[in-house]
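A.B. asks: Here it is, the structure, as structure tokens.
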Ligand code: NAD
Ligand code: ZN
Ligand code: ZN
């Protein structure tokens, strides 16, 4: 089969590789019909995750037709059209029993690598390097899906791939980002990053009852989608000081909750307020502002800081003093996708949200290497790429 594989930082290649085979009773093989490129793929592509190796198949957002099942599967059947959740979860361990699927204790065969970095291991993830289990990803013609009964949802007849594909990751992730804010009527929610995850976090904040949603980015095409499709207010952080603008917009108190939908590769500084403080010697130079710091500083006292942007554990900065003295609540996690697939599918079916609003590019799998560049560089007003193997 053909698959999009890692070559070196900034480079992938579509190669011929062996077809996947059933290895365990609970596996399914899926013939992929649609797959997407995610901001999380960029951490690998940019060389931020050291456990990626040449030849690794990328991709954790995919769906397709089940062409083969292991003899231990109960629910999934040959011929089913399914969307696949990005975390691989067994469904029966301590964490899965608490719906903490992205912390599954049985799905990461390379747990020892992750434990060294994080204390305990998170779940295995498709196409996310050896630290996350070394599973082949879904930017390919076929994929092996372990624990297929737990990690797939059957697509109802009449729904298109594009309507349901994002149930694999970014819709549940954005939704969990908003849900973690415990939104109350009247709440103002500020979201750093108007990429796919940030846009779904904003849309979800409205679904969960927020009164105002404010999106922050510097890419005008993305800010425009936030305004026009999500009906958010926006701040371009290259034109405005985010801290001061947010205080003006909220009567000096700050947003009730803030969501970091950017992660560790945040570009530049967002709040000159913090730069001033560095200049005044009030902050160490190597504590330079990043999105997480800014979000924490801007959040109203007693509010929630919800972090869905990915951090690696190596380069993260964290202003504990602000969190402690102002009674902030920090919520975070890799999305427990399996928890959200069914309720969010229902919301799509009822027409409460149309997830296709952020698709800007559709291409063949063979175009994946070029599409990675377009997506990374935000060329051609790119927000989300869907590949059709
Ligand atoms: P993306 O790269 O397309 O979007 C990131 C956006 O952040 C871009 O529009 C960029 O311009 C903006 N940005 C950069 N620096 C900024 C700054 N200083 N202030 C404000 N905005 C800034 O990625 P995405 O697909 O939307 O994903 C966003 C993040 O969510 C990534 O870190 C990704 O790994 C993470 N993610 C987490 C989960 C999870 O389960 N928690 C799942 C999927 C993605
Ligand atoms: Zn993703
Ligand atoms: Zn489990």
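Just so it is clear, glycine is given a Cβ too, placed from its N, Cα and C backbone atoms.
What TrEMBL says about a protein is an automatic prediction, not a curated fact.
Found this in TrEMBL, in case it helps:
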type	residues	note
DOMAIN	25-156	domain 'Alcohol dehydrogenase-like N-terminal'
DOMAIN	196-268	domain 'Alcohol dehydrogenase-like C-terminal'
A.B. asks: Could you give the number of helix, strand and coil residues in the domain 'Alcohol dehydrogenase-like C-terminal' (196-268) as assigned by DSSP?
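C.D. replies: Here the numbers are 29 helix, 14 strand, 30 coil.
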A.B. asks: Express the predicted model's confidence over the domain 'Alcohol dehydrogenase-like C-terminal' (196-268) as a mean pLDDT, rounded to an integer.
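C.D. replies: When the pLDDT values over the domain 'Alcohol dehydrogenase-like C-terminal' (196-268) are averaged, the result is 95.
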